[in-house]
Structure formats: C-alpha cells, structure tokens
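Structure first, then comments.
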Amino acid sequence: MVSRKDFSDWCAETLQTALFKDYAPNGLQVEGKAYIGKIATSVTASKAAIDFAVEQKADLLLVHHGMFWKNEPPTVTGWKKERIAALLRHDINMAAYHLPLDAHPELGNNAQLAEKLGFTVERRFGEQNLLNSGSLKQVRTLGALAAHIEAVLQRKPAVVGDLNREIRKVAWCSGGAQGFFQTVIDEGVDLYLTGEISEAQYHLANETGTAFISAGHHATERYGVRALGEAAAAAFGLEVCHFDENNPA
Ligand SMILES: [Zn+2]
C-alpha cells in the first residue's frame, strides 16, 4: 500500500511534471481513497476503462489522457458526469500524465515506441523536446517497415512515400503530432512516424520526399502508461493491471 500523496509525489518527481507546459492538469484529477494497493492503467480515462478499474477493484486508474482539457467546457454534464460519478461512487483515484509521459526517456511513449519498433534514440528536439530522431536498428524499405509496424502494433498504418525507398534515419512522436511535420522535414530524416495524419501532410510528404507513417494515436501511446504503472508497482509493491481498447483512431 502507498498513500495517494506519496504515489502522486513519486510520479511528479519521476516524470518531472513541473517542467512541462500542458493542456490538462498532470497528476491526480479525481480524488478517491487515501491508500492505494492496486493500479489499473489505460491510455484514456474512458468509461470502459473506469468500468474495468471498478471490476478489477483497483484503487487508482492511471492514464495518459485524463479529463479537463484546456478548450473543453468546464461543466460536469453528460459523458463527463458519468465518468466522474463512477469514479466517485467507487472511491477510485484517477491520475493522468500527458506530455511528461510522452517525453520520459525510459518510461515515456516515445521511448517505449522506439524500443518496440527497433529505433535507436539519438536526439530529442522540437517543442518541449517531444520529437525524437534516430536510426533503424535494421535498415528496411518503407514498405517493409510499414509491415513491421503493423505486426508490432496490430494495426494497419497509413503510409505516404515510395515503398521501395530505404529508411535509415527516422523521427517520431506518439499521438496526434502531425503538426510537427515541418520541424521534422527541417531535421532531414527519411521518415516521420506519428499517430495521426491530416490532409496537408500527404502533400508535404510527396513534395519534400520525407516519408510519413500514421500508425494510430492509441496504438502509439499504449506503452508509456503501462511502463509507468509497472515502475510505480515495483517501487511501492503494488498490484497492477492493464486495460486496452480496440480504438482504431
Ligand atoms: Zn495522446
């Protein structure tokens, strides 16, 4: 067992949350019981994830996407009321770590994704150092790399570029980071991998020759929160369980 406060302090210290400017509060978002013996992890604090935490008798739901985003209405109505009511009814804490969890050099989404996909991290750059660049441990064509990503992440990526082209240098950022594509083009890599694509990136990829892979927002952010949950469980001797949804986005 660990107190809610010690758990939150450990997360803040481990993830260096104070160093980030974010769009939602990092840390405890909904307060539950004072002591935690079991954690459930999920990418998002969805109703399905909360129901899983209830079923598992978890004392804390640890997520990457919490609630209370910057441009969201501040009212507690509709789906938000249902989520919060379920947490409060069962006295379950909900803690969320967003950008600090993308960026952490070992537990973060970007670091975990690199490990899963066989990328070596050479440099962190761009806004709040959220972008990573490095090399493929094994040089592959764009087509072969896309097939490898599909096999690892269990989801078919959207690919823009010449499938026969050899990929050596790659930049990546988990989640909805397609807006960083120009910064990546300026970095001079062969490929940018992120979780989402918008209309403009198709043209930029074709016109600049920097290949683009959109591998799924959820699929690229599955691993950080699990790693954080495992690390916290090891640090405090807690039980941990993981929830995954078949989210195609
Ligand atoms: Zn995200």
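Just so it is clear, glycine is given a Cβ too, placed from its N, Cα and C backbone atoms.
Those TrEMBL annotations? Automatic predictions, nothing curated.
What TrEMBL records for this protein:
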BINDING   His64  divalent metal cation 2 binding site
BINDING   His65, Asp102, His217, Glu221  divalent metal cation 1 binding site
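Projection of TrEMBL feature records onto the structure.
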{"residue": "His64", "record": "divalent metal cation 2 binding site", "Cβ neighbours (10 Å)": "26"}
{"residue": "His65", "record": "divalent metal cation 1 binding site", "Cβ neighbours (10 Å)": "21"}
{"residue": "Asp102", "record": "divalent metal cation 1 binding site", "Cβ neighbours (10 Å)": "27"}
{"residue": "His217", "record": "divalent metal cation 1 binding site", "Cβ neighbours (10 Å)": "21"}
{"residue": "Glu221", "record": "divalent metal cation 1 binding site", "Cβ neighbours (10 Å)": "25"}
For His65 (divalent metal cation 1 binding site), the three-state class that DSSP assigns: strand
Pairwise CA distance, His64 (divalent metal cation 2 binding site) versus Glu221 (divalent metal cation 1 binding site), rounded so that it is a whole Å: 8
Where Glu221 (divalent metal cation 1 binding site) falls in three-state DSSP terms: coil
For the divalent metal cation 1 site built from His65, Asp102, His217, Glu221, further residues of that chain with CB within 8 A of the site's CB center: Val43, His64, His98, Asn109, Ser174, Gly175, Gly176, Gly195, His218, Thr220, Gly224
